[in-house]
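The Zn(2+) 1 binding site feature in Swiss-Prot is assigned to C146, C149, C203, C206; the stated evidence is sequence analysis. Here Swiss-Prot flags C163, C166, C189, C192 as Zn(2+) 2 binding site. Look at Swiss-Prot and you will find 5-69 tagged as domain 'J'. Among the features that Swiss-Prot reports, repeat 'CXXCXGXG motif' is placed at 146-153, 163-170, 189-196, 203-210.
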Amino acid sequence: MNNQEYYDRLGVSKDASQDEIKKAYRRMSKKYHPDINKEPGAEEKYKEIQEAYDTLGDEQKRAAYDQYGPAGANGGFGDGSGFSGFDSSGFGGFEDIFSSFFGGGASRNPNAPRQGDDLQYRVNLQFEEAVFGTEKEVHYNREASCHTCNGSGAKPGTSPVTCSKCHGSGVINMDTQTPLGMMRRQVTCDVCHGTGQEIKEPCPTCHGTGHEKQSHKVSVKIPAGVETGQQIRLAGQGEAGFNGGPYGDLFVIINVLKSDKFERDGSTIYYSMDINFVQAALGDTVEVPTVHGNVELAIPAGTQTGKTFRLKGKGAPRLRGNGQGDQHVTVNVVTPTKLNDAQKEALQDFAKASGINPVHPKKKGFFNKVKDAFDEM
């Protein structure tokens, strides 16, 4: 076995954080838990996951594993003589010895309360909903505390008992013959699966897990000014905890749908509109849509294509509460594609009055004239 296999068992990279390792362990152990997964090989897979987490979940063991592989994580190297090192089985383990002298220990209490897993939910918002804020009711399934046994995993009227194999420690000693000699290591108890307790009579609803899948709904207040990718954390709306631990959190991920009128970057809203060349040349007052309603915009004479105007305060709210953004309006001067004789003559007169050389457009052939005639029908 190389020093990558434990990471592969949990589905994480070698540079994963302890939080990522813990979440991966919870997800994988739940998937292959023998009380839930009855497929052949599930129990063996569960044991492999437990073995990997026993090492990677401990910083010191993980460091030794990364450097020396499993032999380093499981207690060091022998001299080849078969000597297995100090047998701590009669003393409750090194952690218990240090705990009795110094009031602490490095081992994890298998019965300690643990927070449940976090969940994610993606919610779609209309453009205006993201600008002004809204309230959404989201529906999803989550692992909740079993309503029959209240999360104990035991049949009502019964209680879990101390594991008969590990005596409540959650781990057992295992001797392994290696090329370096006999080695003793601690592994997760295969009877209680690390909880330190046995359930003699499992709950008929959750089959001993203490959890059941339930439909859940919660109302989410979306603040004004949110953008795609931002998250809203709802504490305690995730999955049920373990050993009486609190529920995890729900992270609502925002996805803002595109508008057929506007574009947005932060608190600034962008809008493009067409004006004709007469408006551009002589100036005009036009009506412009905004998310706050229509407003009038003065187009000065001589406006060119690409000119951008700012409508102050007509953008989106700034999420941190610092007022409103602006709306930028970019104009596109549209050149007419078809002119009648009067319009052509007027433009020719304009060209002469402006000192512009006479325009001599290419005369149309017979087929182009026929095509124009059909277009006008």
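Every residue, even glycine, has its Cβ placed from backbone N, Cα and C.
This view paints the features noted in Swiss-Prot onto the structure.
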{"residue": "C146", "record": "Zn(2+) 1 binding site", "Cβ contacts under 8 Å, 6 or more apart": "G153, C203, T205, C206, T209, G210, H211, E212"}
{"residue": "C149", "record": "Zn(2+) 1 binding site", "Cβ contacts under 8 Å, 6 or more apart": "K155, P156, C203, T205, C206, G210"}
{"residue": "C163", "record": "Zn(2+) 2 binding site", "Cβ contacts under 8 Å, 6 or more apart": "G170, C189, V191, C192, T195, G196, Q197, E198"}
{"residue": "C166", "record": "Zn(2+) 2 binding site", "Cβ contacts under 8 Å, 6 or more apart": "I172, C189, V191, C192, G196"}
Study note, to complete from the structure: Summed over the domain 'J' (5-69), the DSSP helix, strand and coil counts are 46 helix, 0 strand, 19 coil
Review point. Which stretch from 146-153, 163-170, 203-210 shares the most C-beta pairs under 8 Å with the repeat 'CXXCXGXG motif' (189-196)?
Key: 163-170
**Study point:** Across the repeat 'CXXCXGXG motif' (203-210), average pLDDT on the 0 to 100 scale
**Key:** 90
Review point. How many helix, strand and coil residues does the repeat 'CXXCXGXG motif' (203-210) contain under DSSP?
Key: 0 helix, 0 strand, 8 coil
Point to revise | Cβ neighbours of C206 (Zn(2+) 1 binding site) where a neighbour is any other Cβ within 10 Å | key: 24
Study note, to complete from the structure: the repeat 'CXXCXGXG motif' (189-196) resolves under DSSP into 0 helix, 0 strand, 8 coil
**Study point:** Zn(2+) 1 site, defined by C146, C149, C203, C206: further same-chain residues with Cβ within 8 Å of the Cβ centre
**Key:** H147, T148, N150, G151, S152, G153, A154, P202, P204, T205, H207, G208, T209, G210, H211, E212
Study note, to complete from the structure: Helix, strand and coil residue totals from DSSP for the repeat 'CXXCXGXG motif' (163-170) stand at 0 helix, 0 strand, 8 coil
